[in-house]
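Report on the following structure.
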Amino acid sequence: MTKTELYVVRHGKTMFNAIQRVQGWCDTPLTPDGTQRIHALGRGLRDYNFVAAYSSDSGRAIETTRIILSELENGSQIPYHLDKRIREWCFGSLEGGYDAEMWGVIPRVLDFNSYDEMIANQTSFEDICNGIYTADTANWAETYEELSFRIRTGIEDIAHRVEKNGGGKVLVVSHGLTIALLLHLINEENNVRIDIDNGSVTRLTYENGTFTIHEIADRQYFQKGEKITE
């Protein structure tokens, strides 16, 4: 059986990313620069024969996936599926506000004086998630148990499905904090300091129910594509 490899991509830069607004379950389209980078990423992935593609059901993830597939020779023939379980975190009533406002509130909820102090104290994903849950006045945000369960089961089901069908490479387009938390769920040494850039690729393999991390937020794929002009 061919081994199962997941190429987990963070979606392209969006309007809210560019103006530093909170974007979880709310959504904005890719910027021109974001679109350009994802086209380059698609060109950089042309040598990889994907057997399937998955993305969250957020518009920015769908847009990113379609651009990548449009750059692949057989992109139109690759089965493409949506899975809402690999959405970004839900920030509840904090959605759409400025990043600085949210990261001013969450540390105080967790009894820190600033974001820098919170990060310096190696605050966990669980603490941050529960801080968001506490600060959310709309009661839309998820608990850590809900969040980690949906992300873990979403990725595991994708990997298991591909493995069951004979393995191979699968394209998965998701979101920054979702990918970062996934890496922590696989290996607890991965903490909140992980920076997942737009268009970067995190490569995992899956065998006998176990994930192995090979690359984290690798930029080489879109950088390779930037050198391909056709």
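Each Cβ is built from the backbone N, Cα and C atoms, and glycine gets one as well.
Same-site candidate for substrate binding, as annotated by TrEMBL with Arg10, His11, Gly12, Lys13, Thr14, Met15, Phe16, Asn17, chosen from Arg46, Arg60, Arg66: Arg60. A Cβ within 8 Å of the Cβ centre of Arg10, His11, Gly12, Lys13, Thr14, Met15, Phe16, Asn17, Arg60, the residues given for substrate, is found for these other residues of the same chain: Ala18, Gln23, Thr28, Leu30, Thr31, Gly34, Asn198.
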